[in-house]
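Heads up: the structure comes next, in structure tokens.
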Amino acid sequence: MIKISFFDNQIQEFISGTTPLAIWKEHLSEHFKKPVAALFNNQPIELDFPLKKNGNLEILTESDPKSLEVLNHSTAHLMAQAVARLYPDALFTVGPAIKEGFYYDIDFQKHTISEKDFLTIEKVMHQISLENHKITREEISFEKAKKLFAYNPYKQVLLEKFRDQTISIYRQGEFFDLCRGVHVIKTNLIKHFKILKISGAYFQGDAKNKTLTRIYGTSFFKKQALADYLQLLEERKERDHKKINKELDLFMFNKEVGLGLPFWLPKGATVRRIVERYIVDKELSYDYHHVYTPIMANTELYRISGHLDHYASNMFPIMSLENGEKLVLRPMNCPHHMMIYKKNPHSYKELPLRIAELGMMHRFEKSGAVSGLQRVREMTLNDAHIFARPDQIKEEIKKIINLILEVYCDFNIKNYELRLSYRNPNNTEKYFNDDQMWYNAEKTLKETIKELGLPFKEAIGEAAFYGPKLDVQVFNALGNEETLSTVQLDFLLPQKFDLTFIGEDNKHHRPVVIHRAVVSTMERFLAHLVEETKGVFPLWLAPVQVLLIPVSAPLHFEFSQKIKETLQLQNFRVEINSKDNTLGYKIREAQKLKIPYQVVIGDHEMINNLITFRKYGSHLQTTIKVDEFVSLLKDKVLQKK
């Protein structure tokens, strides 16, 4: 007999081999409707998994987020089975559940598929669902697995990783696959799904390997949930900064130049320049010292910092020079700022020292991960490093958070949460080895946030290798989560670079480094702004704030030019549309470009020294004096509206 604890701390004895489904039917069906899977001692298992030891059982129902992951993993197998029926020669690699669905990487060998094939695959998937195959788990030896998948070279490679582990396969009808699970127990539980897109992906993410076909999909328990998600995808497409950019012409990429290397076009460069000037001025008001440092460095610098050991796969190849020197494009700015601190001796009275930079960095993102401005290979980070005494940590973190919240207010960022990231105490190998340091750093961060009275969440295992961090997770207009701001405590780099200050006792002491970014990279922040505003920038950020539209270029251009000069003297960004088009066409074009104010100038305006304007998205026209219009614009800019 085994003892199982479950709902409401009940403990019952069961025959060894009893399944979660049997326990649910006997004891839990009234409390938990529509079971999907289970957790046994916090480990996910199938409903038909035989329990053979004492433990705690938790039933996962359709409403549990973990259940959606199980469903999507199972749908990946359902899709693979359908593909196998349609393309018997297809070779399957991996098919995991991901954040909003699943994908499967497949070598179709002699076949090529496209989006036109999605409906055919979905039709077979629905057929298999109706066949209601039982999905069963089977544990086999390494040798048996090698024979079972002898036809599939990809599985042979994957199996080598599990030579000394328990190997499991899952079967449903004629289909079987190498998999850890967990899955639903029958195919007819998989009903509401959609294949979404197709792309290329290297086997195991290695560009040296063959390019496979990656098919993405998603699955839900309810038909309406699927419909709602598909509608959300359509809304995302409308907000996608890559799509909006086709109209606004803010940035571009060029294959001849290289993947993930953005060009900032005039209008995008204008927005970036405004953001950069804003953030620099804001940081100067907080007593930061702004610097410029080289975009590359000797590899020795990154050996000392530890990046060569922990971050080499994300760095570009080393450049070996004739004189033996080895240089590398920097993936981070922190080692350079360590060098600035180390240039001079420091007294405890000088601290904290705040060094900031809009620092260009280069990171070797895999080709499949590069996406618009959100994932690029060249980026400029709003970076800073604060060198402080240990007794100054709390106060500095509070100042950083106040700075972040001020910036968020100006950019109208309202939906966010604080997340404290700690190391995983059960898996400390990938972190700097100093238990006392980790304890002190995590304790300090947590106490500081509590003293500020701010709500926060905790994330175990998400810390940087050199210390715990505070991330500000921003939720965009469509509910997606992204990290814009981060604060990281670092007790390691000061040791590695032997940084010191002279204390009151006239002895050398070790400072603490606080890494900090407020608006992430310029690239990611512009993408965020575009998607949040749908390209309708507030007046203070708009690349063109006012478009002057003369009704007749020959008659009204000169007066339009005078108004342009008047506005430019007040530092407004103004253009004139003097093209030989109709007035209606010019106004529609201005709307398409999402220009905040469109000013029409005709005879009435010219004779009476007036302007007639309409705001973006409005049909209402207002006629006022030029100086009144200037005052209106100034107020809007001042209010960051």
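Each residue, glycine too, has its Cβ placed from N, Cα and C.
Swiss-Prot names C334, H515 for binding Zn(2+). Of H289, H385, H604, the residue it gives for the same site is H385. In this view, H515 (Zn(2+) binding site) is surrounded by 22 other Cβ atoms within 10 Å of its Cβ, with every protein chain counted. In terms of DSSP helix, strand and coil, the domain 'TGS' (1-61) has 12 helix, 28 strand, 21 coil. Its own atom aside, the Cβ of H385 (Zn(2+) binding site) has 24 Cβ atoms within 10 angstroms in the protein chains shown.
Per-residue pLDDT, averaged along the domain 'TGS' (1-61), amounts to 81 for this model. Using the Cβ center of C334, H385, H515 for Zn(2+), the list of other same-chain residues with Cβ within 8 Å runs, in sequence order, M332, N333, H337, M338, D383, A384, Q488, D490, L493, V513, I514, R516. Around the Cβ of C334 (Zn(2+) binding site), 22 further Cβ atoms fall within 10 Å across all displayed protein chains.
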